[in-house]
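First comes the structure, then the notes that go with it.
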């Protein structure tokens, strides 16, 4: 179907809208038919793909890291062990320390990386920036007194901020790096968790087993821990350079994250597979530095203006910090109000970016109006108008009509993470850049000299995989995402709880996995600004743990805490009552946000109910936080079962 790319301007008719919806469905069907042709490999579970998981940033001789690791491992029993040393893990640690009931010495952070930062440790590709305003994304700016250098900070600056937080709260010496947790097992007799895994040696080899004991483990390993690598036919026949964007090889490309002048590509034919939020930042850099660049695209990104600029210290002090103590949280709440499409919006849009001008993203993350039966019908015309502007922008910036047509996104704006960049689309005007549209046939196979797509062999010196991260559809629990086996009372595993009718209390703890806490989206709040959601989880867990410790009798040495059955079922009912707020995702083009096009209507009723129990809080992040703060203010720890042992 061919229709105007500018369809749905201000005076769009119902007929035009139906045309656009038909075009959306046509593109969706094309995507559904091409999906599933290539299996995704979890690289940590497949020895043939281990090269894509190795750490390129770990120094060959990190003596200080090794000494610190061995010292902490020798202290086998720790009060709190946090799995993950990104912003999630750091926020849990900081909020626990701020209660006054825990010290840094009570806490250990364990991570497979060789430093702090989580996804910002691993990702160091050229052009990397956050796509949410740094003044609200980078946590604890008030506490650290730090001013980001730009409205959208670079990846390097964000990683350095993680290190800054660790230093301020005396956590730098409380991390066990290059250590992979593989299992958590509850020991009923000792009322502790046994944590087992392996220490990584040089080049991630020489793996040695370890075991730790924790009173209270916290799982904060994040959703983007493992690079996603499609198992293309004959992928290992390829003799050129092959790497994933999350393991960028500057030794091959030249340059660095601080200086993306990649002189090593000046005489190279380079391919990048994927055009999501990562690729749109990399493509302009590759276009400037490669002899030839081939961009393999299945689904076009919807790319709006980013408009990054340096932070003006005077303005930052007067307009942003000038709002007084608590300015960062108020700014975050202001952002959330617009992105969740609150019924009554603030009079002042403090951020004023592409996110806050996209109320339709609330279809994905939830909001107060999402629960209204006709909300999708209300928001669809607004989203169609925005997507029309996005499509028009493509044709304004891209000189070739044919290339612009291929770069034009035909799907609702909430179906893919929206992108923001000021150079990506213009890159396709360069004579050395070629777009390869693979939405029909995909990549059929690799060859020794390149790959075959659409029946054409492309000879390539390097192939870069910008294929995202493993987000398991069937292993959606925190343990599944982290590839950790968690076994609680009576042999109950976390995976079983998520698969067979999840119930939690507030999305941070679940019965039969006592003393264990976690971060995630199931039965918790969701928002664009991930660090805000993580912080709310951390604040809540810190409250629960500190209040429980306060109530522990002086003659008791052990505390066991878990939700009551009634408490977690009551919370789950609150989730189910709001699950319909996410119904708009079902008709999207396939991707990780909708289980790669999974048809829920084909499932049995009990399977559909189990899926609904996995949903986030559908009324928006503000409502979720209000529910948690109201619960805390009552001071009863309602729905929590505490048992004390001498």
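Glycine residues also receive a Cβ, built from the backbone N, Cα and C atoms like all the rest.
Keep in mind that what you see is a predicted model, and the values were worked out from it rather than measured.
Lifted from Swiss-Prot, the feature list:
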type: BINDING; residues: 119, 120, 121, 122, 131, 132, 137; note: FAD binding site
type: BINDING; residues: 129, 130, 131, 275, 276, 277, 278, 279, 280, 281, 298, 299; note: NADP(+) binding site
type: CARBOHYD; residues: 46; note: N-linked glycosylation site
type: CARBOHYD; residues: 429; note: N-linked glycosylation site
type: CARBOHYD; residues: 483; note: N-linked glycosylation site
type: CARBOHYD; residues: 529; note: N-linked glycosylation site
type: SITE; residues: 417; note: site 'Transition state stabilizer'
type: TRANSMEM; residues: 80-97; note: transmembrane segment
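On the structure: features taken from Swiss-Prot.
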| residue | record | DSSP class |
| --- | --- | --- |
| 120 | FAD binding site | helix |
| 129 | NADP(+) binding site | strand |
| 276 | NADP(+) binding site | coil |
| 417 | site 'Transition state stabilizer' | coil |
| 429 | N-linked glycosylation site | helix |
| 483 | N-linked glycosylation site | coil |
| 529 | N-linked glycosylation site | coil |
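Across the structure, residue 129 (NADP(+) binding site) and residue 46 (N-linked glycosylation site) are spaced 31 Å apart at their Cα atoms. If you count neighbouring Cβ atoms within 10 Å for each of the binding-site residues 120, 121, 122, 137, the highest count belongs to 122. Here residue 278 (NADP(+) binding site) is positioned 12 angstrom away from residue 120 (FAD binding site), judged by their C-alpha atoms. Among the recorded positions listed (46, 278, 298, 429, 529), 278 has its Cα nearest to the Cα of residue 121 (FAD binding site). Residue 119 (FAD binding site) sits 21 Å from residue 46 (N-linked glycosylation site), taking the C-alpha atoms as the reference points. In space, 131 is the closest of the binding-site residues 131, 280, 298 to residue 529 (N-linked glycosylation site), judged by Cα positions. Under the three-state DSSP scheme, residue 298 (NADP(+) binding site) falls in the coil class. In this structure, the recorded positions under consideration are 298, 417, and the one with the smallest number of other Cβ atoms within 10 Å of its Cβ is 417. Cα of residue 298 (NADP(+) binding site) to Cα of residue 417 (site 'Transition state stabilizer'): a distance of 15 Å. On the backbone, the CA of residue 276 (NADP(+) binding site) and the CA of residue 131 (FAD binding site) stand 12 Å apart. If you take the Cα of residue 137 (FAD binding site) and the Cα of residue 417 (site 'Transition state stabilizer'), they are about 16 angstrom apart, rounded to a whole number.
DSSP assigns residue 46 (N-linked glycosylation site) to coil in the three-state reduction, outside any helix or strand.
For residue 483 (N-linked glycosylation site), the nearest of the binding-site residues 122, 131, 132, 278, 280 in terms of C-alpha separation is 122. Long-range Cβ contacts of residue 280 (NADP(+) binding site) within its own chain (separation 6+, distance under 8 Å): 301, 303, 419, 421, 424.
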